[in-house]
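To start, the structure itself, in C-alpha cells.
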Amino acid sequence: MHGIIPPFLLQRLTEHADETVAASSRKTLLTDAVLRQERIGRPPRSAATRDVRGARATTGPRRTIADAKNTTTLPGTTVRNEGDPPTGDLAADQAYDGLGLTWTMLFEAFGRDSLDGAGMPLLATVHYGERYDNAFWNGERMVFGDGDGEVFGSFTGAVDVIGHELAHGLIQSTVNLEYQDQPGALNESIADVIGTLTKQHALGQTAEQADWLIGVGLFTDKVQGEALRSMKAPGTAYDDDVLGKDPQVARMDDYVETSEDNGGVHINSGIPNYAFYLAATAIGGNAWESAGQIWIDVLTNNAVDTTADFAQFAAATIAAAAARFGEDSAERRAVADAWQQVGVAPSTTPAPTPPSDDPASETVTVQRSGGLLGRTQTGTLPESALPSAEQRQLNSLIDSGELQQLQQERAMPDAYVWRVQVETRIDVTLNEPALPGDVLQLFQRILDLGDNRPR
C-alpha cells in the first residue's frame, strides 16, 4: 500500500492538542497497518484472472468512481462510470477529473494508454473511512479519505496527488521497484515526478513556470505549510508547531539511514526529486517533453531492476538521455549534471541497451522446452513478418509489463516453459501452466510461423 501521507506525519498528529485530530490520526495509522498486512498476505493475481489486452478499438480513459460511504469496505458503491455526467458529489467528480487528467498526460506526452500501456481501467473509491487522513494506491485502485478537516482537507482536490498515487500503478506494471530503502525512495520520487508532470501538463506550464510543489491545498489554513513536499527545495514544504519541519533531504550528504518509513522512502526521495527538478529546469520548456520523457524511457524500457539504487537509476537516466537525444546533447549533459549536484555518482554497471527505434525491425524468438521428455522447439522470425494483430498483441504484452509479471509465477515440475526474446526489448522465461490462453496462443502462433526447429 502506497499512501501519500508518510507514517511519521500521522504519528506526529497523534499528539495533536485537538483530540479529534489525534484520534483521526491514530485510526488512520491503524487502518493503514491493517491494509499493509492484507496486501502482504494477498496472493498475486493468477494468470486466469489477469486481463491481457491487445490494441483497443477506441482510445480513452475508462474511469469508474465508487463511494465507500465512510466505511473501509472496498470497492464501495459505483457512482460514476466513464462518460456519465457529474454526480454533484465534489469528491467523486474531482476524482473522476483527476484520473482523466493523469490518463491524458500519459497518453499525450508519452503515447501510453493508461498505467499498463494497454488501456487498464482507472478505478477510484472516495469517502473512505471516517475522517481518514490519507489517499493510497492499493495495487488495483485509488482510495481517497476525506481528511480530518483540521489538518487535512479532502484528498481529491490536488491533481498531483492523484497523479502520484496512480503512478505507483505505472511503476508496478513496469520496473516494479521494491518499496524499501533506495528502491522505495525512487518509487516515491518517480510517483512525485508523474504527479507534478500531470499538474504541469494540465495547467500548460513550462518547467520554469511550475511551482514544483506536491499536494498544494491538502493542508487546511491552520497548518504552517504550503504543501506536502517541494521538489525544487526539499525540506522546505512546511514548518509547523505540530507537524514539525519537513524532513526531506536534497543531497546524498544528508541521506537518512532509518528503519522507519520503509527505510525513509518519503524522506530520501527528496534526492532524486531534486535531481529531476534540476534536470528539467536546466533543459527548459515543457518538462514532460524532456526530463519526463527520459524518466519514462527508463521505466518502459525496463532499464533498471526492482532493487535499483540511486546510482543505478542515475546511470540509466543518463543512458536514456543519450539514447533519445544524443551522447553530446544538452539533455544528456543536464541529466548528468543534475545527479552530480545532488551527490549521486552514476553506477559503472552497464545499463541495458535501449530498444531499437523501430521495434518491428527486431528479431523475435520463442522457445518451448521441458515437459516429461525435455523436448525443445524454437521459432525465430523478424517482428515485421508477424501479422499486424500479433505484432500489436506482442507489443502490448511487452509495454504493459505483463510478461515480466508472468515471469514471477512459480515453476512447476515437468511443465513446459517458454523463453521469449525480442532482441534488445525483452528476454523472459515463463511457465506454460501460468500463461493466459490468448498469450499461449500467441506464442504458439509465433512458433509455427518461425523457423521451427525441434530438438
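Cβ coordinates come from backbone N, Cα and C, glycine included.
Remember, TrEMBL labels are computer predictions, not curated facts.
Sequence annotations record features per position, and here TrEMBL assigns region 'Disordered' to 41-60 (among others).
The annotation domain 'Peptidase M4' is assigned in TrEMBL to 66-172.
For the recorded site, E165 (active site), the DSSP three-state label reads helix. As annotated by TrEMBL, active site applies to E165.
Per-residue pLDDT, averaged over the domain 'Peptidase M4 C-terminal' (176-344), rounds to 95. Residues or ranges marked as domain 'Peptidase M4 C-terminal' by TrEMBL: 176-344.
Annotated active site, proton donor per TrEMBL: H266, in sequence order. Every protein chain considered, the tally of other Cβ atoms within 10 Å of the Cβ of H266 (active site, proton donor) stands at 25.
TrEMBL lists 343-363 (among others) with the feature region 'Disordered'.
Taken residue by residue with DSSP, H266 (active site, proton donor) is part of a helix.
Across the structure, H266 (active site, proton donor) and E165 (active site) place their CA atoms 13 angstrom apart.
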